[in-house]
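Remarks on the structure that follows.
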Amino acid sequence: MTTTDTTGRAKDKAALRAPIARRPFFKLSDFVLEAILLAIIVLLAFTAPGFATWDNAMNILRNAAMTGIIAFGMTFVLILGEIDISVGSGLAFFGCLLAVVTDGMTAAGWSAEIGVGAGVVLCLGIAILAGMFTGWVRHALAVPTFITTLAWMAAFRGGAYLLTGSFPVTPYPEWFFFFGSGAILGIPFQAFVFLLVFVVTWFISRYTVFGKSAYAVGGNAESARLSGINVLGVRMAVMAMIGVFTVLSAIMVSSQIQAGNPTVGVTWEFTVITACVIGGVSLMGGKGRVWGTFVGVLFLSIMLNGMTLLNIDEYWQYVARAILILGAVLIYQVQAMNARRG
């Protein structure tokens, strides 16, 4: 290796350790989505019956938290230039696995606390291993994560039905329901978890070597490798991360519905990806912000809540989501083209 190569790698590593360059805080173009969201909130407050109430606001937060936690993990996946379509099925599988393990251990004489704890550990272990395997397959065999997670999607959904015999399993003790239905100072417990995951992932994306490495790999994996980044490690860690967040959401969903149900999570991957794209995360990789996903999750949750209150048919809500994701992609693509020309 030449002196020039060594110096170049040293500079690249130093750049990864440095904080992301700060942009001007009051840059109007960065707050277009926030402005639109505010306008929609004002509009719905005057047109949707019951929208501007505390109970409805808490309901929006509760629903946003369930998908939002996974969306923060999906943000990193999309930044890598990958996609994970197994999260909805994973949600069902891990919820059912947790219920079956808890039921089996309590039937064997163990306490419910030990049963739930063992189930959570098993779910996390499987999620992490599955994610790492997906990352390894992407790196070592060049198989797109879309293909691998398509296989996981089928396996997880089938596994959920096999574990439960196609029926909900309800083995949980009363204290477990707090995670899905409890509140602190009138605010849903899920909202606090949602905010905690947001803060952690926001910090990782902006101030850690791992976060900046994810952007580098998504921008150009070969250049990232040449600069000394462990591309395999980044891919495996990101895919494991979204698995952990899926388990976390599965715990809260199971707590809320008080069962492990193999039918939950259908189309969740579409909802999660839509929230990320609305928030400005590029499907091409290398671009996106956790804050944008946070706003995108709230935007989508408020839109769906408003349409429900306005008695808009559920099928039209799916059409609205499709329009939102296509519109967001087209807008950001036009902005990128204009930026290159400028």
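Glycine is treated like the rest: Cβ placed from N, Cα and C.
Record features (TrEMBL):
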TRANSMEM  31-54  transmembrane segment
TRANSMEM  60-80  transmembrane segment
TRANSMEM  87-108  transmembrane segment
TRANSMEM  114-133  transmembrane segment
TRANSMEM  140-163  transmembrane segment
TRANSMEM  175-204  transmembrane segment
TRANSMEM  232-253  transmembrane segment
TRANSMEM  265-283  transmembrane segment
TRANSMEM  290-309  transmembrane segment
TRANSMEM  315-334  transmembrane segment
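Scored on C-beta pairs under 8 angstroms, the neighbour of the transmembrane segment (315-334) with the top count among 60-80, 114-133, 140-163, 232-253, 290-309 is 290-309. Simply put, out of 87-108, 140-163, 232-253, 265-283, 290-309, 290-309 has the most Cβ pairs sitting under 8 Å from the transmembrane segment (31-54).
Same-chain neighbours of the transmembrane segment (114-133): 90, 94, 97-106, 148, 152, 171-173, 176, 236, 238-244, 246-247, 250-251, counting only residues six or more beyond its ends whose CB sits under 8 Å from a CB of the stretch. Only pairs six or more apart in sequence are counted, and the transmembrane segment (290-309) with the transmembrane segment (175-204) gives three or more Cβ pairs under 8 Å, enough to call it a contact.
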